[in-house]
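Peer 1: What follows is a single structure, and I will ask about it in a moment.
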Amino acid sequence: MKSSKKDIFILHIWLKLMGCYVFMFITSVVLPIAAMFPNLGFPCYYNTLVDYSKLNLREKNQAQHLTPTLFLEAPEMFFYVTYSFIVDCCSLVYYALAAVAVVKAKKHAPGLMALSQWIMAVGSPTLLYMAVLKLWTIQLYIHTLSYKHIYLAAFVYCLHWLLSMVYTECYITNVSSQWTSSELKKTIPENILLYRVVHVLKPIMMNVHLSVVALETLIFCLSFMMAIGNSFYVMVSDIVFGAINLYLILPIIWYFVTEFWLSKYLPRQFGFYFGVLVASIILILPVVRYDKIFVAAQIHRAVSINIAMIPLCALVALLVRACRVYTDRKKIAYTALPSKPQTIKYTKPIEPSTKQAPDSSIFLEEESDTDFEQ
């Protein structure tokens, strides 16, 4: 069936936003590579924020210069930037394949509004716009780190983290109720490319994005607490504990959000838990690398215990999610009634439920006559 003018307009907007996404991705890949060379306008190497060998956990911040607190060093920051852009590249391939699938599926549209519904199932124009903003904010973050503006960097990354959280939630829920999201997927014919994109490729991309969200939550906690530590006259050790405990609390909140809401849309959500496990390894590296500094400050054991609680909570949440996925398999899912009513054929004649004796009517007539005579 031919699509409506509204659906054609949404398709054109969606394809144009995809072109903007491709352009922004190219600039986002070029920027961190160019930022590694000082002669291209970047004053400092963004991966190395401060000299963490001068970390002193027993002192308070100094207003004259940047006080080093717990943050990622060059190898960890390089891993995060590389992994996030690899995921963005996979997302670009996903959207490109989805665009081809939607254009090819136009001739299979069963109704006037089917095309816009399929675009919503793949990723709405609003979702693409948020993806463009995500790439733009990560570019700003690299710029601000290169100029050592930690306050502006913390603010920019806060925006990036919030965009990433909202993007992931909208990506999973399709910005609709559970019933509507399920019905959107049911309208796609099974024998076309779009069906495989929505039902196979999209859940994989969701889990990959969730792993990136876990790493971005760690960067947000460290950036936010570094800005706090250089804004107030506090102990550096308090900032270290604050960053670790903040990263312990935020994933726990996400675990509850997953179990009570997001799992209804995507039961097999395991990417965030694996991302938290990788982030906890990244977080423990400074403790191992600067073991003497933490031991001298007498907070080595407390920091190690707090960091160890992060993967422990992630493993417990992962076990709960796996158990719920296994138990939900045994539940009977709702299925719609058949469109055509089924006819029932009886092979035997229907027997009456109550039987009456052949002479019962005679007795009734006699009783009525005697009553009348009296």
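In case you wondered, yes, glycine gets a Cβ from its N, Cα and C as well.
Just so it is clear, the model here is predicted, and its values are computed rather than measured.
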Peer 1: Check for me whether Swiss-Prot puts Asn47 and Thr327 on a single side of the membrane.
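Peer 2: Checking Swiss-Prot: the two residues are separated by the membrane.
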Peer 1: For the topological domain 'Intravirion' (171-207), how many residues does DSSP put in helix, in strand and in coil?
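Peer 2: Taking each residue of the topological domain 'Intravirion' (171-207) in turn, the totals are 27 helix, 0 strand, 10 coil.
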Peer 1: Determine which residues of the chain contact the topological domain 'Intravirion' (171-207) at the Cβ level, with the cut-off under 8 Å and only residues 6 or more beyond its ends counted.
Peer 2: 90-91, 94, 97-98, 100-102, 104-105, 108, 110, 114, 117-118, 120-124, 126-127, 262, 264-266, 268-271
Peer 1: May I ask for the residues of the chain that lie six or more residues beyond the transmembrane segment (302-322) and have a Cβ under 8 Å from a Cβ within it?
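Peer 2: For the transmembrane segment (302-322), the nonlocal Cβ contacts are 240-241, 244-245, 247-248, 251-252, 255, 258-259, 263, 269-270, 273, 276-277, 279-280, 283-284, 287, 294.
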